[in-house]
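Below is one structure, written out as structure tokens; the observations come after it.
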Amino acid sequence: MKRFFLSLLLCLPLFAHAIVEGELLEPEQAFKFSARLTDAGTIEVRYKIEDGYYLYRDKFKFEITTPEVSIGAPTLPPGKVKQDEYFGKVETYRHDVKITIPLKNANSNLQTVSLKAVSQGCADAGVCYPPITQTAELKLATATPQVSEPLSGLAKLKQLGASLGGSTDEFLPPEVAFKLNVTVKDGNTLLADFKPEPSYYLYRDKISFTLKNSTGISIAGVKLPAGDIKTDPNFGKTEVYHQPFQAVITLKRDTQQAEKVTLVATFQGCSEKGICYPPINKTFNLSLAELTKTVTSASIQPEKTSAEQVTPETAAPAQPSGNETSSESSTIERLFQGGNFWLIISFFFGAGLLLALTPCVFPMIPILSGIIAGQGQHLTKARAFVLSLSYVLGMAITYALVGIAAGLSGSLLSAALQNPWVLSTFALVFVVLAFSMFGFYELQLPSAIQSKFSNASNKMKGGSTIGVFIMGVLSAVIVGPCVAAPLAGALLYIGQTHNVWLGGSALFAMAMGMGVPLILVGVSAGALLPKAGGWMNAVKSFFGVLLIGVAIWLISPVIPTVAHMLLWAALLIVSAIYLKALDPLPTNAHGFAKFWKGVGIITLIAGVAMLIGALSGGRDILQPLSGLRASAAETASGATETTSLQFKRVKNIAELESQIQEAKGKYVMLDFYADWCVSCKEFERFTFSDPRVKAKLKDAIMLQADVTLNSLEDKALLKKFNLFGPPGIIFFDKNGAEIVPAKIIGYVPAEKFLNNLNTHMR
């Protein structure tokens with residue numbers, strides 16, 4: 001019996017976190033240190049940081065141990081802000097960091113100086129290293145002063161990017177920043193290996209594959225690993241890939257003979273420095289062997305990155321990918337080292353506890369109680385606990401398997417999730433589930449099907465551990481239709497994450513939360529929990545409100561902001577009425593009635609504020625009445641300013657040149673924008689809305705190129721100014737000539753943007 005439970009527990013995905021233990025690198029390997037003299041007065045320190053590790057920016061200390069020699073303040077590049085569990089907001093470095101240190105009072109007779117460097121870092125697995133001390137001997141005699149050369153145009157742009165908060169490194173072309181190789185695994189499977197460069201990442205939901213000019217062959221499914229959760233200020237939580245990963249493409253073939261196919265891979269990514277690339281298409285010509293034969297090689301010919309049609313070329317043999325195992329290992333490591341994993345598991349466990357308080361779970365209580373009562377006088381607390389746990393595990397594993405199925409099927413929906421019809425359908429499903437939680441109707445299987453499962457359960461022997469486990473499985477099937485609303489809502493969410501492990505683990509945690517009261521009942525012979533009552537229906541109503549909120553959130557990208565705000569207002573106001581916000585309290589009202597009355601009033605005020613804000617021109621969900629404040633300020637001052645800069649759109653180079661020609665005598669600003677560009681939204685919200693920026697540009701001509709569609713005209717405009725994608729801002733003087741030093745690539749805050757304007761637009 002003990003072996004049975006051990007085997008069950010070892011199979012659960014929750015325990016896969018343990019694989020990362022014992023694989024930590026030594027600090028000298030995780031943080032490789034080197035130092036050199038770039039000239040007679042400057043030391044360059046470099047740390048090469050392994051994947052899955054990071055260094056704290058504020059933990060560096062440097063010291064020269066050679067007498068009569070000193071150093072100045074080190075120059076450290078900006079780090080990436082991280083919300084640390086213990087230190088709060090801190091800056092960290094990943095992959096690679098270079099630090100320059102000025103050397104002072106160096107005696108010309110000295111041959112070497114000794115540098116001592118102290119650093120401290122951690123692993124994503126949750127282990128932090130103590131401070132690391134490393135030393136280096138630097139030979140002064142070998143230091144050669146750098147020759148000052150005139151700055152080229154590219155160097156000047158680099159220098160400008162650094163002054164505006166960016167890196168001095170040049171942005172890589174898309175085919176270098178995001179490398180892709182496709183190989184044929186067998187007659188029905190293709191492997192796509194992506195390799196983003198350090199400080200670049202790919203969006204998970206922007207990856208798709210299509211077959212072109214392929215008769216009798218189609219893509220049956222695409223399996224993608226879990227990504228890293230990245231929080232964007234405008235798009236919320238999205239999954240991205242910073243490390244190499246592999247996509248498995250399953251084909252469906254109508255014929256057995258050898259075939260040639262053309263695969264088009266579409267993907268999109270960004271640089272951490274603030275620039276996002278347009279969607280990238282890459283085409284591969286592949287040769288599929290006969291299905292009856294073993295495929296040993298793939299014939300592919302990658303084309304240049306393009307969105308245009310390609311001409312098939314003669315396929316050249318390529319070696320199969322040799323990094324499949326390492327790719328899968330890194331994927332598992334990244335998944336179980338992710339900081340959000342336990343947060344999601346905890347959330348679903350809590351949801352299970354709430355669901356356990358609904359009447360839907362109570363039919364399981366007599367089943368489990370009957371099993372325990374059948375043990376007679378020989379029942380002990382330990383035996384009752386083992387039987388209860390076996391029953392709950394049977395139920396939980398059933399839910400976990402459903403979650404895995406949801407994760408697998410979710411990948412088939414990823415390509416169309418931004419379609420209004422798909423999002424509306426998902427939202428409608430959530431509304432249907434919500435109304436079932438309110439008790440308007442009940443979602444369940446036909447009674448005939450439920451009866452068959454119930455009869456099978458009744459015939460099962462209840463005394464043995466395995467028998468109790470199987471009864472838990474059957475009970476989950478019987479009672480499952482009763483909790484179909486919250487269960488289906490969870491499956492829809494997991495289906496959009498395309499994550500097999502997360503799906504199984506999350507629903508397993510939810511089922512274990514539902515099983516906690518059952519274990520209590522088993523151990524205490526059913527004496528701990530109260531009977532189902534009307535108060536438990538309030539829990540279901542609470543879930544219903546949450547499901548409608550999810551439905552509103554789902555369709556928010558495809559509806560106007562005013563409609564979005566009106567929907568939230570309606571939900572809040574109706575919920576407040578159900579909480580009796582408008583009903584008078586009885587004279588003898590108890591504490592809970594007063595509490596819920598207060599919650600109802602707050603909800604009502606929030607809903608009315610949202611309604612007034614939407615109808616008065618407010619378009620900020622978090623600040624619905626901001627439109628009223630702006631209107632009052634404009635009325636008092638007689639101003640009619642808008643919240644952000646107003647642009648005139650240009651579609652191609654000809655229109656741009658025409659507008660510049662007409663604007664002689666005025667400065668011109670050209671802004672490159674796209675709907676999918678996060679940094680473009682930041683410009684609109686934080687920089688272009690700044691009153692000082694608007695005042696400085698009030699006499700300038702404001703032009704904007706919308707490159708969302710990435711058409712040929714869009715590409716030509718980007719190429720004209722050596723841009724890979726938005727955001728990019730180009731300035732022209734009063735004679736129509738480009739002000740090259742003023743060019744901005746990537747997001748900059750209002751203060752730095754204003755400084756740039758004051759420098760180049762006098």
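Using the three backbone atoms N, Cα and C, a Cβ is placed for every residue, glycine included.
Since this is a predicted model, take the numbers as computed values, not measurements.
Annotation comment: TrEMBL describes C122-C128 (among others) as disulfide bond. Cβ neighbour count for C128 (disulfide bond) (all protein chains, 10 Å cutoff from its Cβ): 11.
The feature compositional bias 'Polar residues' is assigned by TrEMBL to 300-312 (among others).
Look at TrEMBL and you will find 320-329 (among others) tagged as compositional bias 'Polar residues'.
Under the heading transmembrane segment, TrEMBL lists 341-372 (among others).
The disulfide bond annotation in TrEMBL covers C360-C482 (among others).
For 384-409 (among others), the entry in TrEMBL reads transmembrane segment.
The feature transmembrane segment is assigned by TrEMBL to 421-443 (among others).
Feature annotation from TrEMBL assigns transmembrane segment to 464-494 (among others).
Feature annotation from TrEMBL assigns transmembrane segment to 506-529 (among others).
According to TrEMBL, the feature transmembrane segment maps to 541-559 (among others).
Residues or ranges marked as transmembrane segment in TrEMBL: 565-583 (among others).
Residues or ranges marked as transmembrane segment by TrEMBL: 595-615 (among others). Note on the transmembrane segment (595-615): residues 562, 565-566, 568-573, 575-582, 585, 589, 621, 623-628 of its chain, located 6 or more positions outside it, place their CB under 8 angstroms from a CB of the stretch.
According to TrEMBL, the domain 'Thioredoxin' annotation covers 622-762.
What TrEMBL records for C677-C680 (among others) is disulfide bond. Within the same chain, residues at least 6 positions away in sequence whose Cβ sits under 8 Å from that of C680 (disulfide bond) are F672, Y673, A674, P726, P727.
Beyond the transmembrane segment (565-583), the same-chain residues lying 6 or more positions past its ends with a Cβ under 8 Å from any Cβ of the stretch are 541, 545, 548-549, 552, 596-597, 599-601, 603-604, 606-608, 610-611, 613-614, 618-619, 621, 624. DSSP gives C680 (disulfide bond) a helix state. For C122 (disulfide bond), other Cβ atoms within 10 Å of its Cβ number 18.
Mean pLDDT for the domain 'Thioredoxin' (622-762) in the predicted structure: 83. Mapped onto DSSP helix, strand and coil, the domain 'Thioredoxin' (622-762) counts 61 helix, 22 strand, 58 coil.
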